[in-house]
Amino acid sequence: MSDRKNMKLFALNSNQEIAQKIAQAVGVPLGKLSSRQFSDGEIQVNIEESVRGYDVYIIQSTSFPVNNHLMELLIMVDACVRASAHSINVVLPYFGYARQDRIACPREPLTAKLVANMLVKAGVDRILTLDLHAVQVQGFFDIPVDNLFTVPLFAKHYCDKGLLGSDVVVVSPKNSGVKRARSLAEYLDAPIAIIDYPQDDATRNEGYIIGDVEGKKAILIDDILNTGRTFSEASKIVEREGATEIYAVSSHGLFVEGAAELLDNTNIKEILVTDSVATKEKTPKNVCYITASELIGDAIVRIHERKPVSPLFAYNKKK
């Protein structure tokens, strides 16, 4: 077993709360650093203890303000490189820019690949992240990437609440999220349904359901909850089609301005999200947070001890 004395964890400014929980799960205190922003917007990071020869883990979600948090991360990585860290591992509970993972129209940038290149060029040796928007983003990096899944966490939550079986239906509010919905449905032994829209429905007012939600408890699942519009529209559709109760779950709760008000005006009973993102905006009254810190902490320990991370990808239900 590798000695955790060779490991150091550092938290930047995006999500101090989850960083503290991750440190507790790993059993290693957070290292000392200072990070400040000058009046002109420049960021300065100072590591206040030696990292020479250590395996360094830097915890930072690149959430709002995305560019500040990304730049702070890059500066910290450079500081670790120049301070002779043995390895630099970046822990991204939420990876901003991952949605820009394809060229959808002419002359459009591939920004997820650009950010990957920046991190690798800065000196990152490994990425540990949580529920990438698209798993193929892993291929944008020329270094190892461990992409942890939140569905097992959600499955445990719903199983503990008794939300499983044929009385439940897992609904993907868009056709691109079918795989995610199917994964949760398999844990819950529940059917799935998909909300789709006609190709010419620019205002998204004519959504229809593929599958059956009538008389069932519907669980809407998406990876990123940003404005709340997707869940708001989907909740109206499943309610119209006869769902008896509506739940919503998302890996990353960004909750931009106005999202809480929009979601508070729906009949969604509970909105379940992880603590991957710390937001200063108002959150919905019925939001429920579950922590991903133990999952991430377990992954860090396994990486450091040269053990496989794959056992963390599943939740074993009690028979």
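Numbering starts at 1 and runs along the chain as displayed.
Backbone N, Cα and C define each Cβ position, glycine as well.
If you look up Swiss-Prot, you'll see D40, G41, E42, R99, Q100 marked as ATP binding site, on the strength of sequence analysis. Taken residue by residue with DSSP, Q100 (ATP binding site) is part of neither helix nor strand, so it is coil. Counting only same-chain residues at least 6 apart in sequence, those with a Cβ under 8 Å from the Cβ of Q100 (ATP binding site) are P109, L110, T111, A112.
Annotated Mg(2+) binding site per Swiss-Prot: H133, in sequence order, evidence recorded as sequence analysis. Around H133 (Mg(2+) binding site), the C-beta neighbours below 8 angstroms that are at least 6 residues distant in the chain are F95, A98, R99, D101, D223, I224.
Residues or ranges marked as D-ribose 5-phosphate binding site in Swiss-Prot: D222, N226, T227, G228, R229, T230. Proximity of D222 (D-ribose 5-phosphate binding site) to non-local residues of its own chain (separation of 6 or more, Cβ distance below 8 Å) is seen for S172, P173, K174, G177, R180, T230, F231, A248, V249, S250, given in sequence order. DSSP classifies D222 (D-ribose 5-phosphate binding site) as strand under the three-state reduction.
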TODO: To the nearest whole angstrom, state the Cα distance for the pair E42 (ATP binding site) and R229 (D-ribose 5-phosphate binding site).
DONE: 34
TODO: Taking only the Cα atoms, work out how far D40 (ATP binding site) lies from T227 (D-ribose 5-phosphate binding site), in Å, as a whole number.
DONE: 30
- [ ] Counting Cβ neighbours within 10 Å across all chains shown, tell me which of the binding-site residues N226, T227, T230 comes out on top.
- [x] T230
Open item on the list: On the three-state reduction of DSSP, what should I expect for R229 (D-ribose 5-phosphate binding site)?
Closed with: helix
Task: Rounded distance in angstrom between the Cα atoms of R229 (D-ribose 5-phosphate binding site) and G41 (ATP binding site) - done: 32
